[in-house]
Amino acid sequence: MDPLVSSPSPSMAFSSSSSSPMALTSQSPFTHLFLKHPPPHIPSFPLKPISTTTSTKPKPKPTLSLKPNLLRRRAVAEDVGAETSKGGEDHQNVLLSSPGVEEAEAGEGEEEYDWREEWYPLYLTKEVPDDSPLGLTVFDKQIVLYRDGDGVFRCHEDRCPHRLAKLSEGQIVDGRLECLYHGWQFQGESGQCVKIPQLSPGAKIPRSACLKSYHVKDSQGVVWVWMSETTSPNHSKLPFFEHYARPNFQDLSTIHELPYDHSILLENLMDPAHVPISHDRTDWTAKREDAQPLLFNVTERTPRGFAGQWGRSRNPSLMNTLRFSAPCVLQNNLEFVDKKGVKQYFSALFLCRPAGQGRSMLIVRFGASARSPVANLLPKWYFHQNAGKVFEQDMGFLSSQNELLMKSKVPTGELYLNLRSSDTWVAEYRKWMDKVGHGMPYYFGLRTLSLPKVPAVVEHAPAGPVAAAAAAMPTKGGLGALHAPNLTNRYFRHVVHCKGCRGVVRAFGAWKNALLVVSVVTAAVAVLVSGWQWKAVMLVLAAVCLGGVYACSSAVSIVTTNFIRTHRRL
């Protein structure tokens, strides 16, 4: 993905260069900036036997089995494999097993699962607004997150019981959530309405004027929500990341909203093979010539996810570890002993939230127990924009993939040609979806699928000058086209969710305006003064200020403007 020090990009979570020790868990060149003493050599990890845990309850029938044309597709694959085998390679060594008979014989059926009885990552704690509500989505459920008068996080259904207005477009008044449509106010802990301005004197507020509430938990710098309205939170399911609890463990975290389904995002994060091609020369570790066959070993499969190791065929002694945990957590961890004999830890963590059909929210965290001083010399916003660049390099592929899956209406096993040497994690993830997808609003598995029952509804928030009135989309509103809710726009994907980058844009904008005023004043003074020495000084000062104006404009553009590949530029 992106630079480790930045909000890394999904793809850069994996390095394509086996020459860099940190390439094990991050494609980014900045990974080594985190580590003061990168390991000269990391031995391969011992392989564990596959652990499979199955439910003892009866398994329901699959949602949708493969269509007959899969048999024809398999026949084609076998014919192609037969031809390649003449050159010395059997197709069975190239393609992963086609879905269908093999999995059925292995007894991989459905597991009991309910997507509501899970913890979902909502937002980075430090990025939640202090003075306004925040509208978010988990699958098709719209919720509103805010801090009450005591600074405690509260979460409710994003709908006023009066006339269904979005509460995330409201405001916080005396620690209470107020709907800006008619001024109804709701108390945080219970969600009960405590004020209706239009109520007659002496009249009581109806008990039904109450919000649906969700349990939230602030854990290790991330706000999590338990989506079940009827079942008490299962705290044993709340993810805990050991490395981030270590003393002096440093991490850089960012958040990004993306225009494709969370399952496609997870596929992208699990795919180290695309990094040297899609992100060639984005930094100095992603190189096209490093594309190569990969080695995979699945060590664990359970109803809660899977885990294993992967490495590069050119350097099999360096093995990376990967773990996917339900419902949407992916992590890579690395431990090694540095040159001084001190044990160091590195972690690449990806928290993916399904944010509706064709949308996802990603929290990225890259952390290490030691950080290079070089990393402190570069501003965080630089790494954030580089992360955005990596997302933009993949965006066209992933958005079109999302569209084709929805139009095709068949499982991925009928559409993908998964290679043994590159796509093992993708196949494992889709197999997991086969087991538990029946408990989700919609899913695409390897052998089965369940399409959304209700088409996606696209909401259009204000754009242009009236966008300042919007409190939730984007988070704090704003002026101009940059602030229009468009997930293909870097400003809306990241900047509106990042206090640091918003501050950078404001600061550079203010400096730009100030320098522009100074340049105009000094130019005017140069015209009015009589001495040539003063004229020269004023003109030089005006030129320097104009140079500063250009630099500030360039910095704002770097933070907010999308990356476009050279051959695609006009």
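Each Cβ is built from the backbone N, Cα and C atoms, and glycine gets one as well.
Remember, TrEMBL labels are computer predictions, not curated facts.
Under the heading region 'Disordered', TrEMBL lists 1-25 (among others).
Taken from TrEMBL, the feature region 'Disordered' applies to 44-68 (among others).
What TrEMBL records for 47-68 is compositional bias 'Low complexity'.
When averaged over the domain 'Rieske' (119-225), pLDDT in the model lands at 94. The feature domain 'Rieske' is assigned by TrEMBL to 119-225.
Positions annotated as transmembrane segment by TrEMBL: 514-534 (among others).
Here TrEMBL flags 540-564 (among others) as transmembrane segment.
Summarised by DSSP class, the composition of the domain 'Rieske' (119-225) is 6 helix, 46 strand, 55 coil. Tertiary proximity for the transmembrane segment (540-564) is limited to same-chain residues at least six positions away from its ends with a CB under 8 Å from its CB atoms, namely 381-382, 384-385, 388-389, 392-393, 482, 488-491, 495, 501, 504-505, 508-509, 511-512, 515-516, 518-520, 522-523, 526.
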